[in-house]
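Asks: Okay, here's the structure, questions in a sec.
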Amino acid sequence: MSSRRSSVRRREKPPFQRFKDHCRKFTAFMFSNVGIILLVIFYTIGGAFIFQAIEIFEYERQMAVHKDVVQLDYTKDILDRLWIETATNISFYDRHKYKERINEILIEFQKAVVNQEKEAIDPHKQWSFSGAFLYSLTVITTIGYGNISPRSDWGKLVTILYAIIGMPLFLLYLSNIGDVLAKSFKWIYSKVCLCRICPGVARRRLMRERRKLRAELMTRALAEMEESRHSKYTSSSSTSDSASSYYSDESESSSSSSRSPRYNDGSQVMSRSRLEALNILEEEDLTDIDKEMRGSTDEITVPITVCVLIMISYILWGAILFARWEQWKILDGSYFCFISLSSIGFGDLVPGEGLITEDKDTVGVSFIMCAVYLLLGMALIAMCFNLMQEQVIHNLRACKRAFKACFRCRGRG
């Protein structure tokens with residue numbers, strides 16, 4: 001019996017089952033926070049190598065086949081067209097029409113020369129590793145500067161497939177990393193800005209808030225007691241005036257004296273209940289303060305102004321960095337950072353000579369900082385929007401509770 005149990009314990013899972021377990025663990029790790037960061041980085045690096053290889057290979061292949069033909073075709077074509085137009089209008093019967101036709105041919109030739117010069121940019125410099133990595137990053141982040149774009153058919157096809165997979169992956173990265181940064185910042189905000197790291201300061205702050213709340217409740221209770229007393233006094237005076245025609249002055253004084261103790265008793269009961277409620281609230285303050293100080297950071301909301309200051313500070317920091325690398329003005333750097341982090345990407349200002357190196361295998365430190373700035377910045381913007389959304393929802397719920405309390409008081413009145 002014991003040997004059978006030992007054989008059952010030693011029995012291993014089939015290879016296919018073990019392979020499924022390993023795949024499940026690997027998938028769970030890759031879609032964790034650390035795994036998503038590594039997946040985005042390696043996906044962008046892999047895309048940089050793929051686009052660099054495709055574009056350089058296609059360019060060298062086309063230059064080896066069509067280099068001489070392209071240069072001769074433009075010159076020969078323009079000369080043949082000019083000769084034909086001149087031969088057909090040798091008498092210059094319609095000089096105005098002849099000049100218009102010659103101008104059209106020359107403009108077409110100018111456009112062809114300009115396009116040829118644009119295509120003559122060295123792809124070894126444009127599609128260096130730095131440039132290819134920046135292109136891959138702008139594809140999955142949907143920034144799309146437009147200064148680097150694939151010219152080959154294979155490059156365009158791979159860009160489509162690369163974006164179809166990369167864009168959802170980057171959105172998942174923004175969602176997960178934004179939540180992690182939001183929770184971390186809320187913890188820091190609760191410890192530093194709310195003085196939870198200093199229990200004495202936090203306790204004094206909460207006690208001041210509770211004193212203000214008790215003072216407001218006391219004034220509200222006194223106002224309600226005064227209002228109820230005035231309303232009862234007016235109602236009693238009206239009933240006594242109506243009865244004065246039938247009763248004498250003695251009976252009126254006796255009835256009023258017999259009515260006043262009941263009224264005084266009611267007001268005393270009401271005031272006693274109010275004071276007892278306030279005393280209970282005062283006794284529960286210390287326990288509530290301790291609970292609030294030990295509360296979780298999930299219940300804390302960060303003000304919108306703090307989120308706006310974080311975004312402005314990050315944009316200004318990036319503006320200073322890019323102004324140093326690219327010799328831009330601070331305003332131009334701020335404009336570029338805002339356009340990039342908001343994924344608008346006009347392309348009028350792009351990181352150029354300072355980030356994209358001439359050697360295709362060289363990676364500059366400034367380029368690495370630019371990529372990290374974009375990746376971290378978009379996650380930081382997602383964090384700020386997440387915190388601002390929580391603050392707006394908290395304010396709306398507070399307004400909803402205030403309206404409910406207001407209508408409840410009116411219904412009781």
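Cβ atoms are placed via backbone N, Cα and C, with glycine included.
Automatic prediction, not curation, is the source of TrEMBL annotations.
Under the heading compositional bias 'Low complexity', TrEMBL lists 233-260. Feature annotation from TrEMBL assigns domain 'Potassium channel' to 125-182, 310-392. The region 'Disordered' feature in TrEMBL is assigned to 228-269. Residues or ranges marked as transmembrane segment in TrEMBL: 28-54, 127-145, 157-175, 300-323, 335-352, 364-388.
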Asks: Go through the chain and flag residues at least 6 beyond the ends of the transmembrane segment (157-175) whose CB is under 8 A from any CB in it; none is fine as an answer.
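Replies: Beyond its ends, the transmembrane segment (157-175) has Cβ neighbours at 31, 36-37, 39-40, 43-44, 47, 50-51, 54, 136, 139-142, 150, 378-379, 382.
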Asks: Quick check for me: are there 3+ Cβ pairs below 8 Å between the transmembrane segment (300-323) and the transmembrane segment (335-352), leaving out pairs under 6 residues apart?
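Replies: As far as Cβ distances go (cut-off 8 Å, pairs 6 or more apart), the transmembrane segment (300-323) and the transmembrane segment (335-352) touch.
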Asks: May I have the DSSP-based helix, strand and coil counts for the residues of the domain 'Potassium channel' (125-182)?
Replies: 44 helix, 0 strand, 14 coil
Asks: Can you check how the pLDDT averages out over the domain 'Potassium channel' (310-392)?
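Replies: Per the prediction, mean pLDDT sits at 85 for the domain 'Potassium channel' (310-392).
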Asks: Per DSSP, what is the residue tally for the domain 'Potassium channel' (310-392) in helix, strand and coil?
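Replies: DSSP composition of the domain 'Potassium channel' (310-392): 57 helix, 0 strand, 26 coil.
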